[in-house]
Amino acid sequence: MRTYLDLLQHILDNGGDKGDRTGTGTRSVFGHQMRFDLSQGFPLLTTKKVHFRSIVIELLWFLKGDTNVQYLKDHKVSIWDEWATAEQTARFGRPEGELGPVYGHQWRNFGATQNSDGSYKNDGFDQIKWLINEIKTNPNSRRLIVSGWNPNEAGQVALPPCHTLFQFFVQDGKLSCQLYQRSADVFLGVPFNIASYALLTHMIAQVCGLGVGDFVWTGGDTHLYANHFEQAQLQLTREPLPLCQLKLNPEITDLFDFKFEDIEIVDYQSHPAIKAPVAV
């Protein structure tokens, strides 16, 4: 994944330093694109170890339409904990652990009616179910889009969706996906996002009877936090290793039937993990 290392170097060399919401400070560029041929290996970063289990559990959580971190906690995944504290959720009148209309809600219940207690009726638009049906019945459509960004609700959550919109494209029996990410934490977040959407593309391709094409990552405000510069420079000293392979249970024909046990990576080699603080 040399293209990812090239992005780190590009930001360090050419980015502009600016303040940010968290008070940490960033070095940022605006508008960047990376392309990964999914037939040539699974794009899980090798220049530092990435916790694939957390990526899988989070994606399954999104697909459930869930917005409470209890499912993540039950599976020992802590990547959303900073935004699920009592202090954070109380800002929006929600109990600890309830994140509100984040990814799962937008994907599976977009535009739902809010109840007086802050919960939502199940009367919104299920974008994922619609997408699967559309890929199967109208694969040449240019409207194979899922949006995680609802302007009416973006201000009702501690962390509005960073990966905001994704589109699929079918050609020659292969499924490709492009993600637009409005805000891209390149050191911590982007490696997860690349792997998550690559995994989603494989899963949807399987249930739609398609092969896989490309995953295209497009970033808006593409940044390194100021307290990640040293870690990025360390990562740039490491040589990429061969990509691993993804194995899915071939018996699964419904996207919502996938469980953790149905998803496996094979021959993952990586350099050691590099720790870095999360900006909240």
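Quick reminder: no glycine exception, Cβ is built from N, Cα and C everywhere.
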| note | For the (6R)-5,10-methylene-5,6,7,8-tetrahydrofolate site that Swiss-Prot gives as His51, Asp185, the extra residue out of Ala112, Ala279 is Ala279
| query | Which one of Arg21, Arg35 goes with Arg142, Arg143, Arg182, Ser183, Ala184, Asp185, Asn193, His223, Leu224, Tyr225 at the dUMP site, as Swiss-Prot has it? | reply | Arg21
| query | CA-CA, which of the binding-site residues Arg21, Arg143, Ser183, Asp185, Tyr225 lies nearest His51 ((6R)-5,10-methylene-5,6,7,8-tetrahydrofolate binding site)? | reply | Asp185
| Can you name the residues of this chain that are 6 or more positions from Asp185 (dUMP binding site) yet have a C-beta less than 8 Å from its C-beta? | Cys162, His223, Tyr225, Ala279
